[in-house]
Amino acid sequence: MAAPTQKNNKPGKPGGKEAQPLIIAKTPAEEQRLKLEKLMRNPDKLAPIPDRPKEWNPRAPPEFVRDVMGSSAGAGSGEFHVYRHLRRREYQRQDFLDKISEKQTKDEEYLEKLERNKEAAEERTAKRRKKREKMKQKKLLAKKAKRETKSKKEGDDKSSESEEEDESKDEDEEEEREAEDDAEAPSFIMGKK
């Protein structure tokens with residue numbers, strides 16, 4: 001009976017994986033490349049994504065302090081180090097609270113700024129909308145006035161009737177083209193300078 005073939009050169013174990021040569025990365029880029037190669041060897045396997053580290057929180061101050069430090073004589077030489085440690089911890093806690101309050105004020109200022117910008121943008125668009133409506137009304141009034149003058153001329157002159165209809169059709173077609181151009185015109189073009 002023949003022995004099973006061995007791929008990994010280890011005696012007594014059946015071959016499963018081939019032995020990989022040990023490669024030591026010399027630069028961070030090479031290390032990243034090796035990690036990517038390892039991930040791409042088995043694309044079905046999920047990539048490990050580490051959890052976000054928790055934000056550091058200082059220890060809460062004690063509710064009741066039993067051994068209050070005093071400035072009286074008789075304190076041992078080791079008490080200074082205990083006092084120094086407590087003082088450092090309290091300063092850290094106060095710095096942490098200051099940073100949190102500063103972050104909150106910055107967040108509030110940012111949200112207020114967003115609101116102001118949004119309101120200003122709405123005002124600008126309302127102003128422009130109003131201007132567009134005025135222009136539209138002006139065009140309609142001019143068109144009506146032109147048709148009225150044409151209708152008066154029609155009573156005077158029947159022969160020029162066909163020319164006026166052609167002109168009104170041309171004007172209508174031109175207005176439709178303008179409306180289509182306005183609807184299709186992009187407000188900005190991406191990727192071009």
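Backbone N, Cα and C atoms are what each Cβ position is placed from, and that goes for glycine too.
Annotation comment: TrEMBL describes 89-125 (among others) as compositional bias 'Basic and acidic residues'.
Taken from TrEMBL, the feature compositional bias 'Basic residues' applies to 126-150. Across the compositional bias 'Basic residues' (126-150), DSSP assigns 25 helix, 0 strand, 0 coil.
The compositional bias 'Basic and acidic residues' annotation in TrEMBL covers 151-161 (among others).
According to TrEMBL, the feature compositional bias 'Acidic residues' maps to 162-184.
Among the features that TrEMBL reports, region 'Disordered' is placed at 1-24 (among others).
Positions annotated as region 'Disordered' by TrEMBL: 38-193 (among others).
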The compositional bias 'Basic and acidic residues' (89-125) resolves under DSSP into 37 helix, 0 strand, 0 coil
